[in-house]
């Protein structure tokens, strides 16, 4: 395991002791805002809240969580495709897709900010992603399959884009109406 992976794993392990942050649900305005780049002076606060973000993601349960989903307009996100006993956390600060394949793949996606809503989304099958880790080191990784889908989904959140924005207007509106109805029933 690399030093960056060990650091990410240690932060994720602290999630067991951290109270989960509440996850915002669409149509919350923060979910539609483009985030600002993380600066070095933001890192102390980010390090402090990361365990609570991991806690929220694991409790949901989910495989990715972006800062806007917990009310922060900062450009960072978490992903972890590992199982409970074999975590594989990745903390991406200021991530960006720097290359993508022409080959597309359709996968069913869901989102913690659109609970119980799923749809097939077509995205590039393979992408190269760059980001900074919590120590400020530049990371770059070529990913495919579910990890590529997850990273693209979380980076979309940092641009104010939800997975339903990749769907037809009709399908998107159906999902958003169904979500609104479910949320209204939940409150009453």
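The backbone N, Cα and C atoms fix where each Cβ goes, glycine too.
Automated prediction, rather than curation, is the source of TrEMBL annotations.
On a predicted model such as this, the values are computed, not experimentally measured, just so you know.
Per TrEMBL, the features are as follows:
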| type | residues | note |
| --- | --- | --- |
| BINDING | 111, 153, 157 | Fe cation binding site |
| ACT_SITE | 154 | active site |
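Around the Cβ of the residue listed as 'active site', the same chain contributes 64, 65, 66, 77, 78, 79, 92, 95, each under 8 angstroms and 6 or more positions distant in sequence. Same-chain residues with CB within 8 A of the center of the 111, 153, 157 CB atoms, the Fe cation site residues themselves not counted, are 64, 66, 69, 109, 112, 113, 154, 156, 162, 163.
For residue 111 (Fe cation binding site), the number of other Cβ atoms no farther than 10 Å from its own Cβ, over all displayed protein chains, is 27. Proximity of residue 153 (Fe cation binding site) to non-local residues of its own chain (separation of 6 or more, Cβ distance below 8 Å) is seen for 64, 109, 111, 121, 163, given in sequence order.
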